[in-house]
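> Take this structure first; my questions come after.
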Amino acid sequence: MKGTLILLSLLVSWVCGPAATAVLDPDVPSEDGHGTENSNEIQNYSNQSAPEVCQLSTCELLLRALGTMQGRMRAMETRLEASETKAVTMETRLEASETKAVAMETRLEASETKAVAMETRLEASDTKAVAMETRLEASETKAVAMETRLEASDTKAVAMETRLEASETKAVALESEIEQLKRANAGKVAFSASVGGHGNTGPYNVQTTLKYKNVLTNLGNAYNPSTGIFVAPVRGIYYFYFCYHAGQQNRASLSLHQNGQLIATTSHHSTDRGRTENGSNGVALKLEVDDHVYVILDKDTWVWDGSYHDTVFTGFLVTQL
């Protein structure tokens, strides 16, 4: 509104100056180049007085100028409003852009932070990879060393296998030789042993296997002096002989047994004749391997032995079967 008043003041000044002269002077052209129209207007108002014509023309000019100025003002106002609206829109867009820029800056910072973290992790991974590579190289070196040791062990094992095979071959040969020696010595079986000591053996209240402890001969080791039992090493015919010496008043009774079976006996009854008694017996037996032959002293009987081997048990292989 203030601008409108200023414009009106300017228009009044303009109209009261050169414009009024133009109205009164028909020879002076108007600002818009229409001098002829001013002349016509003067002719049309020739019958009116000069002050009334001047006042009317001035008012019309003012109104026209005012209308023009108002139109221009409205146009400028419209343009201004459009500019302001556009400015507001641009401000809004600018704020949105700034907000977006801030968000993007935040995202960028987050991305940079994440990138730094990833770089740190990558460096850690690289360090770990280097450590793992070092460990792998150490493991490979150890594996090579173990492979070398394994090859050496394999070589040693092959050598030991060769030696073992040679030893086994030798053992088989020795086994064969031993068997041959056994077969060669199997026909050489003989033993002879006395009761031993100096004096009586017995009496016992039960039958007792007599142990001939004083071994004179034991070819083939088939007789066991600890048990008094002969065990046949081979199948064949054997001859056994057993004898005793006893006092005149002591009853003596011996029996030869094969695997628990009574085979032969020798004995005497006590007498008052004041002399010693001797008795013996012998048999040939067919024995199988591991057959047992032994002499039993009957219960309540006696035998006597001295330094000259008076009570003896003897046996030998006659022939193999």
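Heads up, the Cβ atoms here are built off N, Cα and C, so glycines get one too.
Here's the feature list from TrEMBL:
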COILED    80-114  coiled coil
COILED    157-184  coiled coil
COMPBIAS  36-46  compositional bias 'Polar residues'
DOMAIN    184-321  domain 'C1q'
REGION    26-46  region 'Disordered'
SIGNAL    1-22  signal peptide
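Each of the listed features needs to be described in terms of its position in the shown structure.
Long-range Cβ contacts of the coiled coil (80-114) within its own chain (Cβ-Cβ under 8 Å, at least 6 residues beyond either end) are absent.
Not one residue of the same chain 6+ positions outside the coiled coil (157-184) places its C-beta atom under 8 angstroms from a C-beta of that stretch.
Under DSSP, residues within the domain 'C1q' (184-321) fall into helix, strand and coil as 3 helix, 76 strand, 59 coil.
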> So what's the mean pLDDT when you look at the domain 'C1q' (184-321)?
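Over the domain 'C1q' (184-321), the predicted model scores a mean pLDDT of 87.
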